[in-house]
Amino acid sequence: MAGSIEAAPPLWLLAELTYRCPLHCVFCYNPLRYAQTGAELSTAQWVEVMRQARALGAAQIGFSGGEPLLRDDLEELVQEARSLGFYTNLITSGVGLTPARAQRLKHAGLDHVQLSFQDSTRELNDFLSHTRTFELKKKVAAIIKQHDWPMVMNCVLHRHNLPHVDKIIEMALELGAEYLELANTQYYGWAWLNRDHLMPTREQLEQAEAVVWRYREQIGSRCRLLFVVPDYFEQRPKACMNGWGAVFLSIAPDGLAMPCHNARDLPGLQLPNVCQQPLAEIWQRSAAFNAYRGEDWMHEPCRSCDERHKDFGGCRCQAFLLTGDAAATDPVCSKSPRHDKVLQLVRSAPERRHIPIVFRSDAESRSL
Ligand code: SF4
Ligand code: FES
């Protein structure tokens, strides 16, 4: 199939600068074996990636990780991205965003910052990240505002903090966030390992969503509240990545190019590396980017489904994790013959909470 489809250009480049991170979040979306991957790209290699991606048509860049502030060359990369014409986003835990660093990033032309919190309470924030970072994050939020950056606050939701949604919204308002992304946990990476501990009840979700709606009416456009769907509780899957190889291009710290940041865990995909192949060739012709592009790869029930243009058959990573087949219909869909697996995982989660929580760490990652 490789090379058979002329793809539209990518719009969004996710530059995962490093898998290193000072936090140990139980729902980290980095691959489980991140500590077993190759050396990080150099500054010059990242600059080359950005040039090629921009020439391909990418317009937005997200500097992410791990913690991108651990790279000393972040300012240089932001400056280069800006001069290439990218809209630049920093996706950070906040650790390392000192006033001096913020000043330099502003000078480099950084457009936008996304800051993550784990909860509105110090106890839960610090427990879930296994670090004492709550107060620091609040200081960083103030630094972001002092520099006039639009701020997205991001908080991953699960059964431990769903009852705090009102407090999380209040905190976002107090800190001056323009957007609050209330991201119900997606079960990949470390969240997949800790799924049973994180799985909420339907009642928790319904109550939290009602709170969100109430606040939306109260606060209007002062802070936009985004409630990312808890897809294990839905009847239809999300349109993951807006379709495979459609708009999203992720580059891992070691230069692997991926149509989705979790693609490293999919078996049988020969992921290309930007050190070995031009990006345009990777995007247009590589087998990995064409594997689930378009509709030719679909099986029933997706193949003849009249909703396939809306959700593209759902998420390939989720299909693989839940069925062992990345080309299967995402089992979140009620039309999938494996939908019962999702219902059963939700129902039986409380029975497996005796299994210890696994915090993300290099040692754990090396042992997996
Ligand atoms: Fe989407 Fe496939 Fe379900 Fe149809 S059967 S709604 S295309 S996941
Ligand atoms: Fe990989 Fe959805 S997370 S395709």
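Every residue, even glycine, has its Cβ placed from backbone N, Cα and C.
Features as listed in TrEMBL:
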type: DOMAIN; residues: 7-222; note: domain 'Radical SAM core'
type: BINDING; residues: Cys21, Cys25, Cys28; note: [4Fe-4S] cluster binding site
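Mapped onto this structure are the features recorded in TrEMBL.
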residue: Cys21; record: [4Fe-4S] cluster binding site; Cβ within 10 Å: 23
residue: Cys25; record: [4Fe-4S] cluster binding site; Cβ within 10 Å: 22
residue: Cys28; record: [4Fe-4S] cluster binding site; Cβ within 10 Å: 25
Summarise the model's confidence over the domain 'Radical SAM core' (7-222) as a mean pLDDT value.
97
